[in-house]
Amino acid sequence: MTRPCDILIQAACIVTQDAMRTVVEDGALAVADGTVLAVGPREAVTAAHAPARLLDLGNALVMPGLVNAHTHAAMTFLRGVADDLPLMDWLTQHIFPVEKHLTPDIVEAGALLGCAEMLRTGTTAFNDMYLIQDATYRAVDTAGLRCLGGEGIFGFPSPAYPDADAGLDLVRRLHETWRHNPRIRQCVTPHAVYTTSPELLQRCQALAEELDLPLHIHLAETTTETAQCQQMFGQRPVPYCHGLGLLTPRATVAHAVDLTDDEMDLLASTGAAVAHNPESNMKLASGAAPVPQMLARGIAVGIGTDGAASNNSLNMFTEMTSCAMLHKLRCMDPTCAPAQTVLDMATLGGAAALHWPGLGQLAPGCPADLTVLDLSAPNLQPMYNPASHLVYAATGHEVRLTMVAGEVLYQDGRFTRFDYPALMAQMRDVRRWVLDKLGR
């Protein structure tokens, strides 16, 4: 007797990222009610299911949607506005001066462009921190991805609130407004140790505990940050945040570049996750996070792109390549950061960084969030080891289809939920707005 399902996907290869890292050649995947019903050999899965829709993808590879562990989606509107600068100069001289004029329309347009870029390159979920976050959520709701997001909390006025008290109240309102949306989850996001006070960080942690939300913070990104933290508070960033109670299993720390061995041990003992951003860290010369050492300690590490203003893309395929290459060079060891480990970071590690169980794998009961690559692309042939190709050969431009909760959001150059040409016209207006604010 066959079992009904909404969609039956057939493909030459399915990379499941399940507990056994099963790869199915000539496989099929059944989807019902937005979740994976079954995955396995084409003949067996097809015979066992009666689909409302059949997607025979032919010579294609199906894999879990990639999970971007740290980004600022709306900052696509600042892509390329300032490059080749240290982090603090980049922030204070170019980014903050524009951001103080932000409007909801600018943020929503930038975030929708970010969602388009992520869908086009196989990302189905992302961890976001920015300003006027309600506008980002509207873009996410339009595009259909999953997002764990939070309003950036500062110890000074932002475009979204006049003071920290109002900022924390805004987090409460955002949580109440969006908590019934199955694809949008809220977190508490103090920006960094150098933009907040000890009291404010403790209030953020208390709010995260009260609302039972994750906490997401930039931490130990540069040696400059470390020096500032020592000068201001008498401690390095990681022990400083630990002393304030921020480092718990609900925390995700972005960057974690400037770490000592003792600080890695401390992170491991707290259960906090790390979002590693190799390309942004390289471009800003922030340093290389000691990822192999963190993984050896059992720390959950995901891969993030950071914002397109500092990367300058949201492409997780190129981020995986950069991650693998960076750590081989940093360690002077070609066995360091092997392909399967990096793929795990971009899928299962991202799920851990988003505190969202079930993401990053295609197994029965997990969300049907997936992406499909065209195996006819010359750079993906011949294929001996799918993980190798996904990390070292794929560029993201082989993506044919991206699906979230069983819904096709992107296929063969077309976005199913929004008018992409209209968005391009809007971005031309946004560019003129940015140039005006910069006086160019």
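Yeah, the Cβs are placed from backbone N, Cα and C, and that goes for glycine too.
The candidate list HIS218, HIS242, HIS355, HIS389 contains one residue that Swiss-Prot assigns to the Zn(2+) site with HIS70, HIS72, ASP306, namely HIS218.
Residues GLU99, HIS191, ASP306 are recorded by Swiss-Prot as substrate binders, and the candidate that the same record lists for that site, out of GLU210, GLU221, GLU263, is GLU221.
Around the Cβ of HIS191 (substrate binding site), 21 further Cβ atoms fall within 10 Å across all displayed protein chains. The separation of HIS70 (Zn(2+) binding site) from GLU99 (substrate binding site), Cα to Cα, is 19 Å.
Sequence-distant contacts (6 or more apart, same chain, Cβ under 8 Å) of HIS70 (Zn(2+) binding site) comprise ASN127, MET129, HIS216, THR252, ALA254, HIS255, ALA275, ASN277, GLY302, GLY304, THR305, ASP306, ALA353. Residue environment of HIS72 (Zn(2+) binding site) contains 28 other Cβ atoms, counted within 10 Å of its Cβ in all protein chains. Under the DSSP three-state reduction, HIS70 (Zn(2+) binding site) is assigned to strand. Around the Cβ of GLU99 (substrate binding site), a 10 Å sphere holds 22 further Cβ atoms from the protein chains shown.
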